[in-house]
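Undergrad: According to TrEMBL:
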{"type": "ACT_SITE", "residues": "C:Lys98", "note": "active site, schiff-base intermediate with DXP"}
{"type": "BINDING", "residues": "C:Gly159, C:Ala185, C:Gly186, C:Asn207, C:Thr208", "note": "1-deoxy-D-xylulose 5-phosphate binding site"}
{"type": "DOMAIN", "residues": "C:5-250", "note": "domain 'Thiazole synthase ThiG'"}
There are 4 protein chains.
Amino acid sequence: MDKLKIGSREFSSRLLLGTGKYRSFEEMRDSLEASGAEIITVALRRLDLSNTGQPGLLDFIDPQRYTILPNTAGCKTVQEAVQTAQLAAAMGLPRWVKLEVIPDPQYLLPDPIATLEATKILVEDGFEVLPYINADPILARYLQDVGAVTVMPLGSPIGSGQGLLNLPQIQIIIEQAQVPVVVDAGIGAPSDAALAMELGASACLINTAVAKAQNAVQMAHAMKLGVEAGRAAFQAGRIPRQVYATASSPLTGLPALGS
Amino acid sequence: MDKLKIGSREFSSRLLLGTGKYRSFEEMRDSLEASGAEIITVALRRLDLSNTGQPGLLDFIDPQRYTILPNTAGCKTVQEAVQTAQLAAAMGLPRWVKLEVIPDPQYLLPDPIATLEATKILVEDGFEVLPYINADPILARYLQDVGAVTVMPLGSPIGSGQGLLNLPQIQIIIEQAQVPVVVDAGIGAPSDAALAMELGASACLINTAVAKAQNAVQMAHAMKLGVEAGRAAFQAGRIPRQVYATASSPLTGLPALGS
Amino acid sequence: MDKLKIGSREFSSRLLLGTGKYRSFEEMRDSLEASGAEIITVALRRLDLSNTGQPGLLDFIDPQRYTILPNTAGCKTVQEAVQTAQLAAAMGLPRWVKLEVIPDPQYLLPDPIATLEATKILVEDGFEVLPYINADPILARYLQDVGAVTVMPLGSPIGSGQGLLNLPQIQIIIEQAQVPVVVDAGIGAPSDAALAMELGASACLINTAVAKAQNAVQMAHAMKLGVEAGRAAFQAGRIPRQVYATASSPLTGLPALGS
Amino acid sequence: MDKLKIGSREFSSRLLLGTGKYRSFEEMRDSLEASGAEIITVALRRLDLSNTGQPGLLDFIDPQRYTILPNTAGCKTVQEAVQTAQLAAAMGLPRWVKLEVIPDPQYLLPDPIATLEATKILVEDGFEVLPYINADPILARYLQDVGAVTVMPLGSPIGSGQGLLNLPQIQIIIEQAQVPVVVDAGIGAPSDAALAMELGASACLINTAVAKAQNAVQMAHAMKLGVEAGRAAFQAGRIPRQVYATASSPLTGLPALGS
């Protein structure tokens, strides 16, 4: 079986889905189901921890079906990110974290220095850490060396839907990685997800492209197919690209026709 | 239901598969099945019309399951192409044809003048014609005007696996077409097929990328998923591409944390 | 010397400039000068042939310095284009023509069938014909075969500034051509012009990107440099692209330092 | 005048040239001259510091004409890079340095963590530091904040000639930078250099694409023109890219012709 192994956990689906930006909790729930995702990310800072009696995000997520991956969205510093991860664990969420340290409000690009620092701290504190990074192969190796259980390079800025602008560097990361590489951010359509998987990425994490599609539930299903298509193609071994054509229909030794 | 209508015929699958270049007839048969294709193209010139008693290509194709689309691969002139199509019909094959008129042995690029001429002749002779063309929007309109039931622009040279090099012109063709647009040639991986479908192509025709994959049967399945992913995404309505990021996890009005 | 030969004429500059869309005739004149162009295209239909006494386009063009290349912009049919070319010759303009037959008002894409037909007629009538075409290598060969003195494939739609979207097909045209290949339409910046020349194009024709730049005169000079840069690089023989790095500073056999 | 200001120095040329990989010192000298460069980089580790009496690299460089920018090519650690820079200063070379810390032998990608650390140390030691980095906008800001006088993002791996694969991130770096941005590594042809300058880069550093061209001296001249073309175009203000065409030859109000 073709399982995705991240740290101590194992999954069949290679599509991780975010829970932000949906028009309603119902739409989010239905999109999760259509996507086939087993891992779903939740921004800890979005959880309403007060007990208001109103239904919240977690009421729409079946804990038997999904593994929640807390993320530190909104954290700008090492300290904020570390505290947020620890708070999630204290709440009883799984002791792993998608680590985001993002000081930049415009492009939401991650901080390489702070991300490495926070990864070290959280690994020592017993977390399985999945850091979100720019597509920097050397940084990816640093993170792997300090114990990150995966690396999550961005394809393009969060929510931009621009696809894999960093493709060549993502290829180098995949080539050098000993942990799973999860392409995160920038995927806008199934073709982007399929391409990432064809290159050998282990999984894709998608949020905006599903939540903000005109029909989120159908797009969730489309992304599921795109990830599966790309994985199957990676395993099947694609043809090389070549400049010249090669006839699909070999014609040697055929009887003369016409003219 | 989301049916593909080409001329007088209707199909559920939007993946057309070629039958050339497989390592064996058995592999071809299994790939056809894995692809879910309903239309399969066959080069008339490859058919062994002599009665040798040896099993041939057609013995591996279930006529109840697949609609054969004869193609004129190997034809360099109007006359050759027209005669080949007529011969196919005389053999009892369906009276439609994927029209290829290809004088160029290196890039296998189609002849715009001869293709238009042959289309006119065959339409008048009662054929449903599916012409293979360079991605020229004006030529596509000419062909539509003389009665072609679809236009089939190439993504890149046959068998090259370079994907959709002609993307912007294919977009214009799709925007202007009143008949289905089938992207043909150049698709190397499911991401290419998904991309074509996301742009609004009606279908994809693939041969080399499946037949020459290391595992043809698995790649046939991957292409099926890629086409379905792209079609679903087209219908779901993708997010626009934008330069700046937008946060997946809106954070306004949240309790302060850390720092 | 590295001369550009088009039909019976010879030039030192490989930048052809259009005369449309400038904010004033003075700006046009100064841009022509800054560009170093020797061939300038003029839309015959823009010439004011009535004798109003007002200064017109031709009053700002020094006939000793520039060779006027009349174009058939605005012509939608074979007949219009042929008559326009003949009218230009009757006015005493040089007996050559940039042939445009453009039925499409939105993308301004050229008509392959009508362009070939008009080329035949004008060649027989003694014109040197420079046809504007989509980047179709087979069409380019047809035109060459009927006597066109150059082929002028578009990089992207006129005035769009999108650069060389048709790059791979332009490369094939260059590889196969026996007449000069002039890349026309779509060039938005000197990098586009340089790229076309690096691939082996013989010249570039530019209009909108100069006339509509914020500073047209300076952009004309920039385009001059870009074309010259690309030509020099083509002759110098560029390094191949390769996936892996190669050290600029070879370090073998050096004394140990530091650490 | 349009001067390039790096730290305390000012230059007219925006092309920086490397001195490695030439076939001979004479070819290097002639290429430097043809390029118009004022700043040339020299790998300190390549200098023969023993006094053998044989002519060496420095004998071919006119100190009146060129400012030498020592680089730390071949250094894999903070300590090596810092010591190398200090050694260069001790030899009497200018107290500035192109800082390279590159642990990766295959792609020669720079180490973000070590580069930041070495920059801090060298800035405190009175150096003007020009760090070579991956195209990471957040790292670029860190370096700027600790006193780097420029940032030098790579376009693609050193010597690969792949051009600006990191284009979108380089655009973000330029948008956010308060120091000059010098695009370094990966430029393969003048079109790449022009493109970098059109986007607003302050300068380009090139080595392999000149030294390994078939005709290095002519390519040096081509690169000079490419950089100047791109700079002029940046200042001239290019037209926007747009999907649809716009006629170069406005035709309203013209007399009817033909047909």
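Heads up, the Cβ atoms here are built off N, Cα and C, so glycines get one too.
Distances, neighbours, how buried they are, the whole picture for these features please.
TA: Counting only residues at least six positions away in the same chain, the Cβ atoms of C:Thr41, C:Leu69, C:Pro70, C:Asn71, C:Thr72, C:Leu130, C:Pro131, C:Tyr132, C:Met152, C:Leu205 sit under 8 Å from the Cβ of C:Lys98 (active site, schiff-base intermediate with DXP). C:Lys98 (active site, schiff-base intermediate with DXP) carries a strand DSSP state (E or B).
Taking all protein chains in view, 31 other C-beta atoms sit within 10 angstroms of the C-beta of C:Ala185 (1-deoxy-D-xylulose 5-phosphate binding site). DSSP assigns C:Ala185 (1-deoxy-D-xylulose 5-phosphate binding site) to coil in the three-state reduction, placing it in neither a helix nor a strand.
Over the domain 'Thiazole synthase ThiG' (C:5-250), the average per-residue pLDDT in this prediction is 91.
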Undergrad: What's the number of neighbouring CB atoms sitting within 10 A of the CB on C:Thr208 (1-deoxy-D-xylulose 5-phosphate binding site)?
TA: 23
Undergrad: Within 10 Å of the Cβ of C:Gly186 (1-deoxy-D-xylulose 5-phosphate binding site), how many other Cβ atoms can you find? Include all protein chains, please.
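TA: So the Cβ neighbour count for C:Gly186 (1-deoxy-D-xylulose 5-phosphate binding site) comes to 28.
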Undergrad: Taking the Cβ of C:Asn207 (1-deoxy-D-xylulose 5-phosphate binding site) as reference, which residues of that chain separated by at least 6 in sequence fall under 8 Å from it?
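TA: Result: C:Leu17, C:Gly18, C:Thr19, C:Gly20, C:Lys21, C:Thr41, C:Gly159.
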Undergrad: At its widest, how many Å does the recorded 1-deoxy-D-xylulose 5-phosphate site span between Cα atoms of C:Gly159, C:Ala185, C:Gly186, C:Asn207, C:Thr208?
TA: 9
